[in-house]
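Copied from TrEMBL, the annotated features are:
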DOMAIN    11-156  domain 'Allantoicase'
DOMAIN    177-307  domain 'Allantoicase'
Amino acid sequence: MLDLASVAVRGTVIAANDEFFAGKENLIEPAAPSFAARTFGPHGQIYDGWETRRRRSPGADWAVVRLGAPGVVRRVVVDTAHFTGNFPERCAVEATAAEGYPGVDELTDWTTLVPVRSLRGDTAHEFAVTDEHRYTHVRLRIFPDGGVARLRVFGAPLPDPRDLAGCPAELTGAALGGYVADRSDSFFAPADNLLLPDPAAVMGDGFETRRRRADGNDWVELALGIPGVPHLAEIDARHFLGNAPGAVRLTGQAADGTPIREVLPETGLQPGTCHRFRLAAGEPVHRVRLDLVPDGGLARFRLYGSPTTAALDELALRYANALPEPHARVVLGAAAAERPYRALPDPVRAALLGAGAG
């Protein structure tokens, strides 16, 4: 399940009421929190997390995160790792949805995802969420003050169909809902890294298998975020100099899992190079299998193409029904009152997919 808030998918902590002891940006770092005793800065012991000053008046502290991948939240983790005498007593998590890039003072209509819960020090607290709406921002509130190492917001990405209609898309992107369905091996680095939006900073930010000592080859199977006709494959082997695959091969699968065609025949790679391969026109695919011949590592994989009309319609229907009521009124106007839709009304289709859609 994807961490919708992580900086790895371009999440941002847009504001906090206080961050005197440790910066708010640490909350959404993908790496596990670290700690080194007796390391001091101008404001005291250095913590890998967000920490506010000691509160001397009533109230609570808060931080607001813009989700890198807006979607439906399934689980929240509030991790107080390494905060032992300075963790909050309680926390709550709220969410909202908004158009564009609002400032924190413009965000309204907050919905509670996690009601006030007690916290312990040096503990990762997991809270299940049952709300089925799509959100763009979350707010962590801590009572009365203290430090939190990480905030994880796990869920299912639900992209805005208006961003996809009429233009090519990165069909495999994590923020679109693409994910690793299976892999042969990921000994040195996880295959999920292949689908992250930003370039890998180092080799460890990519995907790497162990050295193969048997016949055959390693592989990874990817479920597309949105089905479509692939036009271009970007296979990035940067940072992999002595351990890039000798070659790769790409096969597409239909919705029922039946292999339908070879998208890219076995093709040699150059170590440390980002490759772009134009693909022959063909049928839409729901999944692809990337073969690494015989083994090795890649930094990123991107498959660009045209989403199918049926896939865009299905996405638009899910999106429209998942909007919280205040956001639905902004996006859908008077038609929001007719939800939930069993099929997209023509005015809604036009609003989300363009006047010529369908």
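Placement of Cβ uses the backbone N, Cα and C atoms for every residue, glycine included.
For the domain 'Allantoicase' (11-156), the model's pLDDT averages out at 95. DSSP places the residues of the domain 'Allantoicase' (177-307) in helix, strand and coil in these numbers: 8 helix, 68 strand, 55 coil.
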